[in-house]
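Remarks on the structure that follows.
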Amino acid sequence: MVAPLSAWPWEHLGIFKYILYGPLAAKAWYSWMYEDNILKDLWCIHILLICTLRGFIHQLWSSYNNMFFLTRNRWIKQQGVDFKQIDDEWDWDNFIILQAMLASMACLIFPSLNTLPLWNLKGFIASLLLHVTISEPLYYWAHRFFHKPYLFNHYHSLHHSSPVPHPFTAGHATPLEHLVLCTVIGIPITGSILMGYGSTAMIYGHVLVFDFFRCLGHSNAEVVPHEVFNKLPLLRYFIYTPTYHSLHHTEMETNFCLFMPLFDALGSTLNTKSLELHKKITSDSGKNGRVPDFVFLAHVVDIMSAMHTPFALRSFASTPFCMRMFLLPFWPLTFVIMLVMWGWSKTFLVSFYNLRGRLHQTWVVPRFGFQYFLPFATKGINKHIEEAILRADRLGVKVISLAALNKNEALNGGGTLFVNKHPELKVRVVHGNTLTAAVILNEFSKDVKEVFLTGATSKLGRATALYLCRKRVRVLMLTSSTERFQKILKEAPVDCQNYLVQVTKYQAAQNCKTWIVGKWITPWEQSWAPSGTHFHQFVVPPILPIRRDCTYGDLAAM
């Protein structure tokens with residue numbers, strides 16, 4: 001039997017849980033449109049605005065944690081957040097909905113809350129004193145009780161199931177725990193109002209600062225310099241750090257406090273390793289971490305895909321790419337960021353994973369797909385790629401793989417430009433074309449007898465054509481270069497060469513229903529494909545899916 005208040009009542013609603021904000025939005029809209037006194041239901045707008053700001057604070061902390069190019073030397077736990085943890089924490093913001101409901105009930109029961117002044121300095125002082133004297137010790141003892149066997153097994157274990165601390169982990173808990181947190185956060189606010197010192201600014205400030213410090217404590221990157229505690233030794237009893245709270249997740253009988261380690265010291269639960277570990281992590285922040293064994297050097301595809309990076313939106317980065325129309329309003333901002341990257345950014349680390357004891361990292365050249373086709377941009381792109389290769393060589397990386405357009409034949413000869421220029425390189429510069437070709441070919445049905453191939457003389461096109469001709473599949477290779485076609489033809493077995501056919505126009509494929517697109521094609525060029533054609537792709541950016549009578553494959557991925 002499920003313990004009471006251990007599951008969220010709307011957990012099966014998925015994204016539709018946000019409809020629960022609907023009554024607040026509807027009441028605010030109705031008041032604005034049809035009632036004379038707009039201020040009467042202003043509390044609805046305040047609650048919605050506070051909820052939005054709380055989500056924004058968590059998102060900013062999440063973005064910072066996932067900016068590995070800034071934080072990698074200050075990681076507390078070296079392993080990354082895996083997909084299971086992302087899935088488990090998917091509904092981290094349930095507590096914001098819960099507290100919005102409780103706040104709405106309070107405003108309906110006590111209409112006087114809608115007439116609070118905008119500002120009262122005494123309210124800030126009162127809420128701070130109440131937080132220190134009541135909320136902090138209350139949370140400390142409640143937290144210790146949640147580590148008792150029954151409460152831990154039925155409630156608090158969910159929060160501790162996240163192996164790597166992350167700002168979203170702060171919200172990953174059961175309804176009962178968040179009801180306790182509602183009490184902890186509500187006492188200073190309620191007390192200040194009852195004293196006559198309440199204000200709108202105090203409520204905003206207290207709630208948002210509370211969330212800020214909760215996210216700080218669950219950050220996997222240390223942000224508090226150790227020198228602060230050297231200069232102000234007593235301060236370490238009044239403010240916790242990400243390192244301090246991370247110890248609670250590894251040694252669960254210590255470091256129970258909310259924000260103030262003073263209460264752990266008074267309760268004899270302060271972990272003696274806290275200060276030493278914090279000093280070690282911050283002291284090592286100037287040093288490079290573990291050297292990766294393998295580096296995948298990628299680039300940004302387009303503006304929409306840029307919004308799906310882990311430091312932009314972690315949840316979208318963990319799922320296959322698809323166009324999300326509600327992100328379109330952010331397109332202008334992302335475009336401005338692209339221009340900034342074009343002018344000032346350097347190659348940066350975007351993700352990593354460990355496989356069989358080896359560290360793999362993905363570095364990104366700060367260029368978008370379309371920029372690779374601008375003649376005046378090629379020199380700068382090659383400079384970025386060269387600097388990345390030399391940096392990998394200095395670090396002791398074993399292999400660096402050029403991805404997508406970074407290995408474009410016209411750009412740098414598939415990477416040979418750099419290998420020839422720096423013959424002393426110890427790092428192996430490779431590309432993954434044959435593996436990409438294998439992924440594409442794996443999608444083919446066995447009854448395919450003819451294919452139309454664009455980008456036919458590229459490294460990937462060559463590998464695909466040579467494989468298919470050996471399988472007795474006729475390949476219409478679109479290329480205007482007879483010399484390059486003949487070179488590939490000579491590589492094919494003699495008895496298979498007649499399966500490779502050079503074509504120079506798209507009209508040649510008007511009866512072929514299997515297209516392999518390795519070079520971007522326009523909607524007009526797509527029009528030559530017969531109805532029922534399937535477009536396999538290894539082109540960056542992907543082609544526009546305009547034909548309703550055809551199907552389009554995703555970019556090759558495993």
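Just so you know, glycine gets a Cβ as well, placed from its N, Cα and C.
For the transmembrane segment (12-30), the residues of the chain that approach it from at least six positions outside its boundaries are 41, 44-45, 47-48, 51, 91, 94, 97, 100-101, 104, judged by C-beta separation under 8 angstroms. Per TrEMBL, the feature transmembrane segment maps to 12-30 (among others).
Residues or ranges marked as transmembrane segment by TrEMBL: 42-61 (among others).
As annotated by TrEMBL, transmembrane segment applies to 96-116 (among others). Here the transmembrane segment (96-116) has long-range neighbours at 10, 17-18, 20-21, 23-24, 39-44, 47-48, 50-51, 54-55, 171, 175, 178-179, 182, 185, 193, 198-200, 203, meaning same-chain residues at least 6 beyond its ends whose C-beta is under 8 angstroms from one of its own.
Under the heading transmembrane segment, TrEMBL lists 123-142 (among others).
The annotation domain 'Fatty acid hydroxylase' is assigned in TrEMBL to 129-269.
Feature annotation from TrEMBL assigns transmembrane segment to 325-344 (among others).
TrEMBL lists 451-558 with the feature domain 'Very-long-chain aldehyde decarbonylase CER1-like C-terminal'.
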Who are the long-range neighbours of the transmembrane segment (325-344) in its own chain, taking Cβ under 8 Å and residues 6 or more past its ends? 300, 303-304, 306-307, 366-368, 371
